[in-house]
Amino acid sequence: MKKPLLIENGTLIDPSQNLNRGGRIMMVDGVFAAVDPSDGDIPQDCDVIDAGGCLVAPGLVDLGVELREPGFEEDETIHSGSHAALAGGYTSILAASSTDPVIDSHGAVEFVRQKATAARGARVYVVGCLSKGRSGKQMAELGLLSEAGAVAFSDAPRAAPSDALLKRALEYCRMLGRPIFDSPEVPELALGGVMHDGQVSLVLGLKGLPTEAEDLAVARDVRLAEATDGRLHVGPVSTMGAVDMFRRVKSRGVVVTASVCPHNLMLSDAAMRSYESRFKVHPPLRSPRHVATLCQAVKDKTIDAIQSGHMPRSREKMMNDLDQSPFGISSLETALATAATALVRTGTLDWIELIDRMSTRPAQIAGLDAGTLGIGRPADVTIIDPNAGWKVDPGQFRSTCISTPFAGMELIGRVRHTIVGGELRFSG
Amino acid sequence: MNVPDLTSFAERWDRRHLLDLESLSAEEITILLDVASRLKEATEGCRRKLSLLSGKTCANLFFENSTRTRNSFSLAAKRLGADTVEFGSSGSSTAKGETFADTAKTIEAMGVDWVVTRHGTPGTPNLLARELGCCVLNAGDGPHEHPTQGLLDLLTIRQHRGSLDGLTVALVGDIAHSRTARSNIWGLKRMGAHVIICGPPTLVSPRWQELGFEVAHHLDEILPRCDVLNLLRIQFERQHARPFPSVREYAALYAMNAVRMRQAKENILIMAPGPINRGVEITPEVADGPHSVILEQVTNGIAVRMSALYLLSAADDRYRSGNQASA
């Protein structure tokens, strides 16, 4: 039995209950037991965390993480990834199906779940393949994957390659109550691209990823969601065109959600001038106009959620020239601080809005029992020092991957404690 | 002729790497060209050997096919008294899976003073400059830049016109895939020339206009204004999809031929970085005609490469002895 845990002296911040005030919260048997318990109601053998000066928020939820195991353990393992998540304040992460073998069977789902349980890091939820073998041709056994515990389906980071397959899957998934996640990109238009197609790529001589490759795919996705009334989440997105499309369809009442990565809210394509592979992300860092539009879209909820975009790759893979280096960075441990620096420090969002986009809303999109401090709900908590500035040192990462665009950069917002099911699993 | 005293130039130069022309100032370009002129003179048009850099070693690390640039760098190093060592991708460890940076580090560990690199991916010289301790010279990185080619073009124009300031120079052809174009664009602009970028819209981005350059799609319209035409090769090997309907159509619209020469200024200079596709960008009578300076460009190539090797080496010596020089 876990000992009861009391967090006191912090500011309770919970978008699901519109809570933003000082107080204390008690956890018993893995769930929230009481807000502001009286001294007499606190058990004698209770553990206590002093959260003075900190925010006590529902644990962060990440809609898309590559854990790379099985098959690419040199990049990341379920153990290292789920502990990197804890260090970043995440209590729940959704693991992508881009492994080898891919996650398109009951056994593969079970493998990830068992490894995650043994790792005792963040909760790991499985995203099953959308297509069998991630081949893009035949629908995977979505019903059986769902029974095995997959909470969503996707072939990300690759877009669903077939319009017809995506449409059928959206229709089929209505009976499962599970969402489909799609990463929007028309491959033919993006072929060979390594960065945003714009003035900077023109000068650097690097092949560009044009915005229309994403815009056209988003247009397809939302149109199919509208036609099928299916549950579709699109992301991460990076363009003004995508934002415009979501704004228009949402105003018509179409239920479709979108997410963005924090690095796309903070950095522009100018970073690529250094030719360093740690800036080679997918979707790419866009021009400052796109960045400003994305930030505003997070503010007005056109973009629903912020996901870390954690795509770890080993150091040896990143030591090549830019064409050979894969897309990908380690971002679980910097996502909250990056988003806070880009959005809260600039006055675009307040903390309760940021927690909504990184915890409450992603939990709703994935259908998880998370993202709230509600009584009786799983006691997943992130305790954040909102004013702490810190310099990113990849040498301190829990992730195997140390490639980050933020190395050496000063960010605000430091995760002090991460609690999963009432158990303190990280302190930093 | 004696070995020229280049000390005053070396003292004004503080770069250990030559990665591009975009970041060079007009003064730095002028120093490179002035030293090249002196070295050309001192080596009697690059036939005589000097001993300015004896004891030093230049590694040519070429991961893309090259004959003229590679030989030009080798000759430049040898004319200054340095040794050269050659590496290529086919026989190197990158073919066995080693990273580019590790291959370069291995070569550096053999004790070289400069790495001259050519690679198909933009930014590889920057990668080497970060990873290695020796001087790095970019001999062409994908479609990004080819700074010594840009410099030899500038030197050739300056020799004929005295100055680049106020001249109208058109770069015609496959700008999208041309490293020569990108080096010319920045070098010419920095030295005061008016640059026109000409070609079909699939090869000439309108974004160049946003960066302050004139963009044209019809050669015949701009030709009468041009003092210099630099005709760039169509790089079929770099194109994912053909950017124009046919070579025949391209040649009809953009090839410099005898008919078009009649519309040009009397003293126009015709340049091409080579290799040239005769009949595509330029017809034989123009390539071999009196306005063509194509072979002078080749000769000047050795001079500017000697200049670059000399100046980087001088900055490196100062850096290693603890004096100021940019890493």
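Even glycines carry a Cβ here, placed using N, Cα and C.
Curation plays no part in TrEMBL annotations; they are all automatic predictions.
Carbamoyl phosphate binds B:Arg68, B:Thr69, B:His146, B:Gln149, B:Gly274, B:Pro275 as TrEMBL records it, and from the list B:Arg47, B:Arg48, B:Arg118, B:Arg248 the residue named for this site is B:Arg118. Reduced to three states, the DSSP call for B:Gly274 (carbamoyl phosphate binding site) is coil. Mapped onto DSSP helix, strand and coil, the domain 'Aspartate/ornithine carbamoyltransferase Asp/Orn-binding' (B:165-311) counts 60 helix, 24 strand, 63 coil.
Spacing of B:Gly274 (carbamoyl phosphate binding site) relative to B:Arg233 (L-aspartate binding site) is 7 Å (Cα to Cα, whole number).
Filtering the binding-site residues B:Arg118, B:Arg179, B:Arg233, B:Gly274 for a Cβ under 8 angstroms from any Cβ of chain A leaves B:Arg179, in order along the sequence. Of all the binding-site residues given, namely B:Thr69, B:Gln149, the one with the smallest number of surrounding CB atoms inside 10 A is B:Thr69. A separation of roughly 15 Å, to the nearest angstrom, links the Cα atoms of B:Thr69 (carbamoyl phosphate binding site) and B:Arg233 (L-aspartate binding site). On the 0 to 100 pLDDT scale, the domain 'Aspartate/ornithine carbamoyltransferase carbamoyl-P binding' (B:16-159) averages 91 in the predicted structure. Taking H, G and I as helix, E and B as strand and the rest as coil, DSSP gives the domain 'Aspartate/ornithine carbamoyltransferase carbamoyl-P binding' (B:16-159) the counts 64 helix, 27 strand, 53 coil. Residues B:Ser66, B:Ser72, B:Ala139, B:Gly140, B:Thr180, B:Pro273, B:Gly301 surround the recorded carbamoyl phosphate site, their Cβ atoms falling within 8 Å of the Cβ centroid of B:Arg68, B:Thr69, B:Arg118, B:His146, B:Gln149, B:Gly274, B:Pro275, which are themselves excluded.
Residue density at B:Pro275 (carbamoyl phosphate binding site): 9 other Cβ atoms are found within 10 A of its Cβ, drawing on all protein chains shown.
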